[in-house]
Each structure stands twice: as C-alpha cells, then as structure tokens.
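K.L.:
What follows is a single structure, and I will ask about it in a moment.
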Amino acid sequence: MEKPYTYKKEKPFACDVCCKSFSLKSNLIRHLVTHTKEKPFTCDVCSKAFSIKANLTLHLRTHTEEKPFACEVCTKTFSLKSSLDRHLRTHTKEKPFVCDVCSKRFSEKSDLKKHFRTHTKEKRFECNLCNKAFCEKWYLKTHLLMHTKEKPFACNLCNKAFSEESRLKTHLRTHTEKKTFACDICSKAFPQQKNLKTHLLTHTKEKPFACDVCGKAFSVKSNLMMHLRTHTEEKPYTCDLCNKAFSRKSDFERHVRTHTKEKRFECDICTKRFSEKSYLKKHLRTHTKEKPFACDVCTKAFSQKSDLKAHLVTHTNEKPYSCGICNKTFSWQSCLKTHLRTHAEEKPFAYNNCSEAFSLQQHFQGTFTDSYERATESMSHL
C-alpha cells in the first residue's frame with residue numbers, strides 16, 4: 001500500500017533574497033523568478049507572458065481547447081494531468097495528504113498546506129499599503145479591495161463589473177448556461193445534473209448523510225462536513241480585521257462584507273442591492289409573490305422558509321425553547337427571550353417623559369394609550 005503524503009518540514013533549498021526555503025531545487029528556481037519578475041515565455045495568440053515554459057505550454061491549451069486526459073470512469077476530459085488526478089479522487093474518495101500535527105486527511109495537497117497554516121499561524125501574504133499580513137493569498141486579494149475599490153473584471157454582455165474573476169465567471173453563467181436538467185415534480189431546471197440531484201432531495205426528504213456523533217442527518221454531504229465542525233469546534237477561517245473565527249468559508253466571506261460594506265447582488269426589477277445572494281432571493285419574492293414553501297398539513301404556502309417553520313408549530317404544538325430558570329417552554333425563540341426578561345427584570349421599553357419602564361413592548365404601548373386617553377378626557381372638561 002502506498003504511504004500517504006505528509007506535510008514535511010525539511011526544506012534544504014533556501015532563497016538568498018528572502019530566505020524562504022523549499023523542499024525541491026526546482027521549486028526554488030521557480031520562486032526566484034518572483035524576485036526578478038522576468039517572464040521570457042510569451043503566448044503567440046494573446047501575448048500573455050509566463051516565467052516558466054511549462055506554464056506557457058499549459059496555457060496554450062486554453063486556445064486549442066485540447067483536453068488529452070480523459071477519466072475512465074465518467075469520460076470527462078481535462079487539459080491538465082493534475083486536473084485529471086484531482087478529479088479521479090472524487091470517484092475514489094481517496095485522501096492521500098495527511099497532517100502531521102492532527103492526522104486530518106485531505107484529497108488535495110493545497111488543502112493540506114492551507115490547513116497546516118492553522119497550526120503554524122504563518123502569515124506569508126503582506127499588504128504593501130498597510131503592512132497587514134494574511135495566511136492566505138485570497139484573504140490578501142479581498143483585503144486590497146478595501147484600498148483600491150477596483151473592479152477590473154467586466155462582463156462583455158452587460159458591462160457589470162466585479163472585483164474578482166471567480167465572481168465574473170459565476171455571473172457569466174447567467175447569460176450562457178443552459179438549464180437542461182429539469183425536475184419532473186416542479187419543473188425547475190438546472191444547468192448541471194448534480195444540481196438537479198441535490199434539488200430532488202427537497203422533494204424526497206431523503207437525508208442519507210448522518211453525523212456519527214449526534215445522529216443528525218443531512219441531504220448533502222458538504223452540509224454534514226460543515227456540521228461536524230460544531231463538534232470539533234474547528235474554525236479555520238479567521239477575519240484579519242477583527243480576529244473573529246468561522247467554521248465555514250461562506251460565513252467568513254459574509255462577515256468580511258460587513259467590513260467592506262460591499263453589496264454585490266442587485267435586484268433586476270428595482271435595482272435594490274444586497275450583501276447576500278439569499279437576501280436578494282428573498283427580496284425577489286416581494287415582486288413575484290412566489291410562495292415556494294408549502295405546509296404538508298394544510299397546504300398553506302409561505303414566501304420564506306422561516307415563516308413555514310413558525311407555522312408548523314401551530315400543528316405540532318411543539319415547544320422546543322425552554323427557560324433554564326423555571327423550565328417554562330415556548331414555541332418560538334422570541335417568546336423565550338421576552339419571558340427571560342421577567343427573570344432578569346430587564347425593562348427596555350420606556351416613555352421619555354415618565355420614569356416608568358416595561359419589560360414588554362405591548363405593556364408600554366398599553367400604558368401610553370391609557371395615559372393619552374386620560375389626558376384627552378381631562379382636556380375636554382376645560
């Protein structure tokens with residue numbers, strides 16, 4: 001059996017310029033070009049230049065669309081052998097890269113390297129404008145946008161601009177991607193079969209991926225993987241601005257936008273902008289009047305999933321929210337929060353011209369109404 005790859009610290013080849021060390025001499029030679037900025041290998045088609053000839057050879061395949069490496073399992077083809085090797089692991093589920101510190105396994109070497117930095121706390125990527133350092137290059141790129149506000153990636157079809165190339169690529173699919181895979185139940189269409197398969201689970205309610213720790217089940221494997229971090233308390237994504245840590249990359253990216261105030265998602269109908277795609281989807285339903293979340297008991301439909309969950313309690317009489325002080329139970333979390341104030345004697349609702357305060361808003365409003373009516377009645381007798 002082949003011995004799994006582990007992240008080794010032996011790096012005998014050191015750069016004379018910055019003292020960075022490498023495990024292979026070829027990697028050192030490749031690194032030296034980052035100091036000289038020399039790019040002697042130029043593409044004849046688009047004039048893009050490269051520091052290494054091998055990178056030029058690989059780049060040329062983007063013009064010829066040559067994909068010589070085919071998967072024997074699903075016949076999918078790739079322009080790079082490394083891409084084929086990476087793809088094959090999606091079939092074999094192989095994870096040959098093992099962390100020496102915590103024994104966690106990864107299917108990609110790059111993922112192992114990223115993970116290893118959570119142990120070393122190494123921050124190799126430094127901002128030239130404010131000298132702030134980051135552990136990942138992606139974090140540095142995101143940070144630089146706070147200085148430049150630059151959006152260099154523009155859509156040729158609608159001129160919409162983006163700060164990152166990956167976001168432009170995602171946007172371009174809204175113009176070009178055909179949704180050929182349709183759901184037989186609700187007719188919703190998807191560009192890829194895997195998207196349709198994931199969607200079908202919303203109809204079947206099937207949850208084949210179960211947590212070994214608490215038994216909670218999920219319809220998608222990626223959701224199970226994210227859930228497992230609630231047990232391990234692993235939070236590999238840390239905000240460099242406020243040091244807040246997150247277990248999921250999506251939560252981290254959402255948090256970063258609270259600093260940048262970026263609102264990337266725009267409504268095509270009223271041009272209102274949102275920081276999250278999910279917020280835009282919810283907003284669009286105010287225009288379409290769509291109510292995709294239906295109750296299985298009484299067929300009542302709702303525009304928001306949270307509204308459906310709140311409605312279901314009226315059928316089940318479930319009271320999952322319990323007071324830790326008196327054990328009183330409630331159907332909604334908001335009711336529990338209101339109840340807790342009766343123990344804490346918190347009274348956030350007060351009238352400006354009166355010293356009296358109230359724990360419940362309805363008590364404050366009721367007292368204000370009574371006072372107003374009494375004052376009006378007194379005035380009528382003058």
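Just so it is clear, glycine is given a Cβ too, placed from its N, Cα and C backbone atoms.
Nobody curates TrEMBL annotations by hand; they come from automatic prediction.
Annotation source TrEMBL lists domain 'C2H2-type' at 13-40, 41-68, 69-96, 97-124, 125-152, 153-180, 181-208, 209-236, 237-264, 265-292, 293-320, 321-348.
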K.L.:
Please report, as numbers and ranges, the same-chain residues at least 6 past the borders of the domain 'C2H2-type' (13-40) whose CB is under 8 Å from any CB of it.
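P.N.:
Same-chain contacts beyond the ends: 49-52.
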K.L.:
Determine which residues of the chain contact the domain 'C2H2-type' (153-180) at the Cβ level, with the cut-off under 8 Å and only residues 6 or more beyond its ends counted.
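P.N.:
For the domain 'C2H2-type' (153-180), the list is 141-142, 145, 189-191, 262, 264.
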K.L.:
How many helix, strand and coil residues does the domain 'C2H2-type' (13-40) contain under DSSP?
P.N.:
12 helix, 4 strand, 12 coil
K.L.:
Report, as numbers and ranges, every residue of the chain located at least six residues beyond the domain 'C2H2-type' (237-264) whose Cβ falls under 8 Å of a Cβ in that stretch; write 'none' if there are none.
P.N.:
132-135, 139, 142-143, 145-146, 162-163, 167, 226, 229-230, 273-276
K.L.:
Going by DSSP assignments with H, G and I as helix and E and B as strand, what are the residue counts for the domain 'C2H2-type' (97-124)?
P.N.:
12 helix, 4 strand, 12 coil
K.L.:
On the 0 to 100 scale, where does the mean pLDDT of the domain 'C2H2-type' (153-180) fall?
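P.N.:
Averaging the confidence scores along the domain 'C2H2-type' (153-180) gives 76.
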